[in-house]
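According to TrEMBL, the protein has these features:
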type	residues	note
TRANSMEM	7-26	transmembrane segment
TRANSMEM	46-64	transmembrane segment
TRANSMEM	73-91	transmembrane segment
TRANSMEM	103-130	transmembrane segment
TRANSMEM	151-169	transmembrane segment
TRANSMEM	175-194	transmembrane segment
Amino acid sequence: MNNIIKTFIFYVFSAFGISLTIKASIGVSSFNSMNVALAEVLSIKVGTITTATNLGFLLLCLFLSKKNILKDYLLMFSALICFGIVINFFLYDILASFTISTYFLNVSLFILGTVIAGFGTGQVLAIGVLKFPIEKFCELMAARTVHSFAWYRYGLDIFFVLTSLTLSFLFHFPILIREGTLLSLLLLSGIIAWSKNLSLNNKKELGPEA
C-alpha cells in the first residue's frame with residue numbers, strides 16, 4: 001500500500017512537470033506534442049486528451065498481455081485519470097494567470113518542468129508497482145516480435161511527431177515541434193535514468209525492509 005501511495009504521488013509530480021513544459025510554449029515532447037495538437041483540434045483540455053491516449057495504450061496492453069491482473073489495471077486506470085486531472089488543474093487553473101515575459105524564462109520553465117517530470121517518471125519506474133502504458137505496450141510488443149523495445153519506442157515517437165505536424169498543417173495552428181522538443185530529447189531520458197538509479201541505489205544502501 002505504501003508503494004502504491006508513493007507511485008500516485010510521483011505520478012502527480014510527473015503531471016505537474018508536463019504542465020510546466022506546456023506552459024513554457026517552446027515546444028513539447030513527442031507524445032505531448034500529439035496530445036496538445038489533438039486538444040487544439042477537438043477543443044478538449046490537454047490533460048483529458050493525455051488520459052484518453054494513455055487509456056488507449058492501456059487497452060492495447062490488456063489485449064496483448066497474457067497476465068491480465070485486474071487489480072493492476074484498475075490501479076493503472078485510476079492513476080491515469082488522476083494524471084489527466086492534475087495536468088488540467090495546473091495548466092488551466094493554477095498556471096493560466098501567469099504570464100512569462102522573456103524567452104529565457106520560457107526556456108528555464110521548460111527545463112524545470114522536464115526535470116520534475118523526469119524525476120517523477122523515474123521514481124514511478126523504480127518503485128515498480130505501476131508502469132506507464134506506452135512503455136508497457138512497447139515491452140509487450142518486443143516480447144512478441146523480433147523488434148526491440150527501443151525500436152517500438154522510437155517508432156512511436158516518430159508517429160507522435162508526424163501526427164502533431166500533420167494536425168498543425170491541416171488545421172493551421174502553430175507547430176508544436178520546436179526547441180523544447182529537442183531539449184526534451186536531450187534531457188528527459190537521462191533525468192529518468194538518474195532518478196530511477198537514485199531510488200534503486202538508496203534501496204540497496206538501506207537493505208531489505210523488515
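The backbone N, Cα and C atoms fix where each Cβ goes, glycine too.
Beyond its flanks by at least six residues, the transmembrane segment (151-169) meets 30-31, 33-34, 36-38, 40-41, 134-135, 137-138, 141-142, 175-177, 181 of its own chain at Cβ-Cβ distances under 8 Å. Here the transmembrane segment (175-194) has Cβ contacts under 8 Å with residues 21, 24, 26-30, 33, 36-37, 107, 110-111, 114-115, 117-119, 121-122, 125, 161, 164-165, 168 of the same chain, all six or more residues outside its ends.
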